[in-house]
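Notes follow once the structure below has been shown.
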Amino acid sequence: MSRSNRQKEYKCGDLVFAKMKGYPHWPARIDEMPEAAVKSTANKYQVFFFGTHETAFLGPKDLFPYEESKEKFGKPNKRKGFSEGLWEIENNPTVKASGYQSSQKKSCVEEPEPEPEAAEGDGDKKGNAEGSSDEEGKLVIDEPAKEKNEKGALKRRAGDLLEDSPKRPKEAENPEGEEKEAATLEVERPLPMEVEKNSTPSEPGSGRGPPQEEEEEEDEEEEATKEDAEAPGIRDHESL
């Protein structure tokens, strides 16, 4: 049977059991033929799997005719989609969505290379977008910087004004304080003079007269006592 399987050639629409690594023999259908120019066992068929509606490229050694292998591989299986695949291969072998999906998947499988180009194009677009965003970011950054500089200048000016303003009131307060002190001194100084004018020099023990007058009074008293002491002696001599 293996010899007949190796020599078997399939055509589009043939129903088979396809074997993939990690999966049981799965009901499938041949959708695409290998290139006619190259005929060798290395050529692979595009296979559509019933139940899962997935496609894969398999060689002839992994394909088994459905009718001949139905009893062997057509036993129920718990794998998801397997029982649905058995139903589809019996009741709807030419499912409409299968042809569209197979051709679509074929284009996706056969043309994986343009995707990097598209990715590169997206990268360029992203780069341009990033570049533009960088430029916008610079503009946005520059504007806040200017605003910060302006705000800093305003803050400095305001700080200078605040520093000057407390100094000025102090300077303004000092002259007023000096004027007040001078006024109080002027008010206090004339008081002794008025008291001296009101007081009389004849008042004994007042202590408010000037010290020179007191000294003169003491000298006069001393001279008067001396004269009184000398006077009795002179009188006695005259009597003799």
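The chain as shown is numbered from 1 upward.
Using the three backbone atoms N, Cα and C, a Cβ is placed for every residue, glycine included.
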From the set THR55, THR94, THR184, which residue is assigned the annotation phosphothreonine by Swiss-Prot?
THR184
List the Cα distance (Å, whole number) between LYS72 (heparin binding site) and LYS44 (N6-acetyllysine).
24
Take the Cβ of LYS75 (heparin binding site) and count every other Cβ within 10 Å, whichever protein chain it belongs to.
11
Please give the greatest C-alpha separation between any two of the heparin-binding residues LYS19, LYS21, LYS72, LYS75, ARG79, LYS80, in angstrom, as a whole number.
19
Of the residues in the motif 'Nuclear localization signal' (75-80), how many are helix, strand and coil by DSSP?
0 helix, 0 strand, 6 coil
Within 10 Å of the Cβ of ARG79 (heparin binding site), how many other Cβ atoms can be counted across all chains shown?
13
